[in-house]
Amino acid sequence: MKVTTAVAALAAGAVAAPSGDAPTPVKKVAARASCASAVTLDASTNVFKKYKLHANTYYRDEVNKAVEAISDSSLKASAAKVADVGSFLWIDTIANLAKMEPAIADTPCEDILGLVVYDLPGRDCAAKASNGELKYNELSKYKSSYIDAFVKTIKAHPNTAFALIIEPDSLPNLVTNADLQTCKDSKSAYEDGVAYALKSLNLPNVVMYIDAGHGGWLGWDANLKPGAQELAKVYKAAGSPKQVRGFSTNIAGWNAWDLSPGEFSKASDAKYNSCQNEKTYISKFSAELKSAGMPNYAIMDTGRNAVTGLRKEWGDWCNVNGAGFGVRPTADTGDSQTDAFVWGKPGGESDGTSDSSATRYDSFCGKDDAYKPAPEAGTWNQAYFEMLVKNAKPAF
Ligand code: BGC
């Protein structure tokens, strides 16, 4: 049982060395206690009111390294502050399950560790940039080598609180991209895989949000009901797990919270979408979820949505040029249906490569409004990170 954890970031102050020529500052590291007993999360309440989204070690390290590479002193100082922002850690391969232990060891009792469950067979069926390691017919491997191992690690840490985002984009793809052969191939593995994840991860110290795309996706009038029904169907197939709290929106997305009129409200097809901002989308989608019989509270990614008016089209998703870090994680959303604004996508990690010769090159990453050059999805892009810092709102 883990009771206390030393965390370098909480240095209590400098203590002079006992003797010698010049006193060498020695950092006294304060211990931040993880919980002394098992954590129980009540998924009928907003757990973000009680727990702070943890600024995990993985992103902290990425940011600290990025800061070292910045020479401009004022940008450097601003960028350094990003290390303290809570964000979700993506467990995007079986090998990256190894990222969990160090992140857990660093999570104090007052924080909740945010993890993204993201390794479905045939992942990213309507795009290429995030195609995963598992083929659409490798469901049994997903269950035994990924989900079961994920569960084992969480069970080994009953004293830590976890918030999970379940498989971004997967069920939304089944709703709107069902005609693509890749999504047809993946359908049963997605539904069965997500249900298995929900059932297996239904642990007392876990709260789960199933991904529901964003307002420019399932927010179209014709998609709201089928979208909610798809999520609810899989939730019920999992046995209506108690620890499911609702849904996540705008993960790795760019939409504004309550901009009115919405960013794309002048588009010719705007009349078919009554969810022109995420606040409206959450309100309408949650109503549909309620009638479909699924818990309906939301978390929304505000990590990179500070600047609007950048995308040529609503569906442009790859490394949008000119973006800035958005509102910091908070449970003060002013909206009873929205539990928290979170940082879902770790800003600075790429959405996809701009190298058109790469296997996972997706043409969206070559569009005029996409930042170039950009490395493979999930890989650090220093220049992009610096741009996010410069354009942050609120400023750092
Ligand atoms: C990538 C993942 C990565 C995640 C977070 C996704 O688009 O496919 O590999 O972990 O973004 O950056």
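Backbone N, Cα and C atoms are what each Cβ position is placed from, and that goes for glycine too.
Database features (TrEMBL):
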- Asp124: active site (ACT_SITE)
- Asp169: active site, proton donor (ACT_SITE)
- Asp351: active site, proton acceptor (ACT_SITE)
- Trp90, Asp92, His214, Trp217, Trp317, Lys345, Glu349: substrate binding site (BINDING)
- 1-16: signal peptide (SIGNAL)
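With Trp317 (substrate binding site) as the anchor, the candidate active-site residues are Asp124, Asp169, Asp351, and the one with the nearest CA is Asp351. Straight-line distance linking the Cα atoms of the residue listed as 'active site, proton acceptor' and Lys345 (substrate binding site), rounded to a whole number, equals 9 Å. According to DSSP, Glu349 (substrate binding site) is assigned to a strand segment. Checking the recorded positions Trp90, Asp92, Asp169, His214, Trp217, Trp317 against ligand 1 with a 6 Å cutoff on the Cβ atom leaves Trp90, Asp92, in sequence order. Between the C-alpha atoms of Asp92 (substrate binding site) and the residue listed as 'active site, proton donor', the distance comes to 13 Å.
In the three-state DSSP scheme, Trp90 (substrate binding site) falls into the strand class. The local packing around Trp317 (substrate binding site), expressed as other Cβ atoms within 10 Å of its Cβ over all shown chains, amounts to 24. For Trp217 (substrate binding site), the same-chain residues 6+ apart in sequence whose C-beta sits under 8 angstroms from its C-beta are Pro172, Thr176, Asn223, Gly315. Residues Trp90, Asp92, His214, Trp217, Trp317, Lys345, Glu349 are recorded as binding substrate; their most distant pair of Cα atoms lies 23 Å apart. Counting in whole angstrom, Trp90 (substrate binding site) lies 15 from Asp124 (active site) by their C-alpha atoms.
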